[in-house]
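A.B. asks: The structure under discussion is supplied below as structure tokens; questions concerning it will follow.
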């Protein structure tokens, strides 16, 4: 903005010196001192709308009448309804009215009234929030006169801020910050000083850091000013205001930054007992400014640290009364701690530490930072020990801890000598050894990113090793199960992981349902801490075996000392488990040691055994080469499967072992023995436990290694009990438990198809057994289970979980047992079709899709054709039924309340009114059932490209018509838009003749489908016109979404290739129509260039998309 334009801001702050008294007393606070005109004070309304005020962003909302009209009483009632009413409909109406009110121009007038003319908190807070929102979103659209009024309003409010609750003061401070960011320094030249002067009774240049008695504050306004100064640097770092000139602000701030620091430091000299809250906020502001911009020289930075340390160590007397404003929330805390500003001091140092790296640090800066670090090393250990050991106060300990984390995170080798780094690390170790779980969690970010901290990585490896082992040792302590819980200790000799192969698990662990899960915060800490140290291990910061060796030695030492606390053993085993993942390089040598010492642990408990079991599952790489250990481990795992608290971990570990090809091969000779031991568990109470599925998978992996002639009887023995468990639930289950049991049994069935593959038995020996798929050992399994699953589909037609299980079974069957499945495809097809027609579910379409392959039997082709016809009819009717039930009323409401985009779409073309009647015959909302739409279109597309003889040609053209006429409604759901556009693109591409099918009959049908598509556009030119019109409208009106625009571009390109003459005819007429997108005010040259580009049918997809995207951007950028 030029200088002449600035002259129009006659009521804005002056650009020269600002008279403090005039600023404080003037009823129009932003009036220049030389201008005594007070006509702007209009009937007590602080912010009166100029007559020519226009808000471009909210034209739509301004056109919508606000009923009832806004008054203080109406606003009070609306807010009371929103927060207090029990009627949800009334709350929604109140919310809608309040949102609409906030977007009205009149809201500017009400904001100061809500803040200053009421004492109702909800009204005041709503006024503050509304003012903030309007300023952030509407400032750039306001004219000069309006901006002047807004600035006057804001300053009038802050002059009266003593009447506001503290949370409202904060919101108004944010508003003031936004106003300053928009106006400083071009419009409001002295904004920072003007605001600071609200809280001092002297010129800022006369403030003294050497003689605080010369400083005089206006404490009534000090809180607002300090809040503003604490918020401004954070908002400047975010840089999220449009059209805000951040570089200009930063340039100007560099000239005055020392005075800002001087003011904030002078506040610290106020008597602490009476001004505690002011001092706290001043520390907060100092921290924020140190993160954003350091003082101009090291001397001021040194003073900042010195004063902060001096004041931060002051002790508050027991009769402290706060700041005089009645805010005594922290008094009790201050009295009990004695040094209440230590955490504030830490906050300042933390802020400064973020500036150590990346600053142009001269020697003066380095000396100031070194002073801060040396002082921190001296004073903080005492306060940290007091906070953690004596008071157990994390709120005080965490900021101190984080100061040193931030210090050593900075890569400033000029500041941090090797000796200084070692001192910081040693101090951190002492903090870690007594720190709480929450406090030492602050190290996670540093450890995660440790490799990037060159200064730390280059330290002596022995020092780093010592540091990380100390850290791990503390992790063990703070991640133990809490003391005092009864976890049912286990008697010696009943451990499921004893080395004796004859050990029995007789239920001594627990007879009652005792919760043995970790607290969430401990579990999360374990996960994060182990991940961090794994990064250290994997990045070779220390030798890979360091942690594992330390843990095993510690475990062995505890065993030798006969430590009586199972929690300590369990914690060690957890971290061994965590470090046993990954590549396991150099770890396998420790496995036999662990397998031998774990049974020697003198005390057992359920959590301890569970962790031991989980650990064993990590060592399949070792077990696959050691038959004896493998047999012992599996034998010891099996008894744990009978215990509800252990079956999950035991089943998971067993599966981890059995998925190893070598382990399952080694276990196959013992299959009968294993099954003998497990069978009572499979048939007992645990059969409804979801973990039992993992047990079946483990056994199937072993059975997978059986010779073909031995497979059938063992498979039958394993799976046959599952069948009655399923048939017992037909027709329907009566309880949730029975329902869950049914899901478990169905999961077992599809595990068979997942693990055992037919292809592995296709090639037999010289005798040529099983040349027919019907003689395969699993053929009877499918003969039995497929009819049962058909019954389940009938009786559980709306149960998604059960349908998904059956779908998974059939899909795996088609994938891995196609030779066998060919005998059952017609039955499976009938089941899926009937079920879909009864209750449409997307996954049922996936079953039919899995059946489609290039070569099918004639009967199967006929059945699929009939199925697709029925499914298509059901699909269309389902969408129509929803439309008939809800769309008529909703559409009328949408047409009334819709945004300008949709209103303009309806007015852009004279012919569009005629299209409405045509569209009414084809109204469908494909986004109502996005999953069904997706799987239906995938199914039809697969048939089109694989076996077109499986579909009636008119189905393709019918679906295309429905999509064409509803293209403009698709954009509310991007995935559905993509699916529909891809289908339409494939269908339109048929005319280019590139799609060919190996089956001659398929090609004939494909030709018929192509003729249907041609006839579709030739019989009625409106169809092709609507296609082109809707595509162009979406391109022009869709917000700049690259993905959506590309979908429409591909449809247009396929139409350009297949039907170039129709595209030229319609696109030319539409784009040359002056009423088309008239409100966009598009340059005719841009329209013509776009038309030329989209008619190039020989363009590549990339070039075509680029042309469409460019025009879409032009259209949407003009809004």
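Each Cβ is built from the backbone N, Cα and C atoms, and glycine gets one as well.
Per Swiss-Prot, compositional bias 'Low complexity' is recorded for 32-44, 52-63, 890-915. Per Swiss-Prot, domain 'Importin N-terminal' is recorded for 94-160. Per Swiss-Prot, the feature region 'Disordered' maps to 29-64, 890-916. If you look up Swiss-Prot, you'll see 223-266 marked as repeat 'HEAT 1'. Sequence annotations record features per position, and here Swiss-Prot assigns repeat 'HEAT 2' to 336-375. The repeat 'HEAT 3' feature in Swiss-Prot is assigned to 395-434. Among the features that Swiss-Prot reports, repeat 'HEAT 4' is placed at 503-542. What Swiss-Prot records for 545-585 is repeat 'HEAT 5'. What Swiss-Prot records for 588-625 is repeat 'HEAT 6'. Annotation source Swiss-Prot lists repeat 'HEAT 7' at 632-672. For 717-755, the entry in Swiss-Prot reads repeat 'HEAT 8'. What Swiss-Prot records for 832-851 is repeat 'HEAT 9'. The repeat 'HEAT 10' annotation in Swiss-Prot covers 852-888. Taken from Swiss-Prot, the feature repeat 'HEAT 11' applies to 931-968. The repeat 'HEAT 12' annotation in Swiss-Prot covers 1082-1119.
Relative to the rest of the structure, where do these features sit?
C.D. replies: Look at the repeat 'HEAT 1' (223-266): DSSP puts its residues at 37 helix, 0 strand, 7 coil.
In the predicted model, the repeat 'HEAT 3' (395-434) has a mean pLDDT of 92.
Residues 465, 468-469, 472-473, 475-477, 479-481, 483, 487, 489, 526, 530-531, 533-534, 537-538, 593-594, 597-598, 600-605, 607-608, 611-612, 614-615, 618-619, 621 of the same chain sit 6 or more residues outside the repeat 'HEAT 5' (545-585) yet have a Cβ under 8 Å from a Cβ within it.
Counting residues per DSSP class in helix, strand and coil order gives 29 helix, 0 strand, 10 coil for the repeat 'HEAT 8' (717-755).
Listed by sequence, the residues of this chain that lie at least six past the ends of the repeat 'HEAT 10' (852-888) yet keep a Cβ under 8 A from its Cβ atoms are 818, 822, 825-826, 829-830, 832-833, 836-837, 840, 845, 923-926, 928-929, 932, 936, 939-940, 942-943, 946-947, 949-952, 955, 958-959, 962, 997-999.
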A.B. asks: In the same chain, which residue numbers or ranges, 6 or more beyond the ends of the repeat 'HEAT 11' (931-968), come under 8 angstroms Cβ to Cβ?
C.D. replies: 840-843, 845-846, 848-849, 852-854, 856, 861, 864-865, 868-869, 871-872, 875-876, 878, 905, 918-919, 922-925, 975-976, 979-980, 982-984, 986-988, 995, 997, 999, 1001-1002, 1004-1006, 1008-1009, 1011-1013, 1015-1016, 1023, 1026-1027, 1030-1031, 1033-1034, 1048
A.B. asks: Taking a Cβ cut-off under 8 Å, which residues six or more beyond the ends of the repeat 'HEAT 8' (717-755) line up next to it in the same chain?
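C.D. replies: The answer is 675, 682-683, 687-690, 692-693, 696-697, 699-701, 703-704, 778, 781, 784-785, 788-789, 791-792, 795-796, 799, 801-802, 805-806, 808-809, 812-813, 815-817.
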A.B. asks: Six or more residues out from either end of the repeat 'HEAT 12' (1082-1119), which same-chain residues have a Cβ under 8 Å from its Cβ atoms?
C.D. replies: 1035-1040, 1042, 1045-1046, 1048-1050, 1052-1053, 1056-1057, 1060, 1063-1064, 1067-1068, 1071-1072
A.B. asks: What residues elsewhere in the chain lie close to the repeat 'HEAT 9' (832-851), defined as a C-beta under 8 angstroms and at least 6 residues from its ends?
C.D. replies: 793-794, 797-798, 800, 803-804, 806-807, 810-811, 814-815, 825, 860, 864, 867-868, 870-871, 874-875, 878, 929, 931-932, 934-936, 938-939, 942
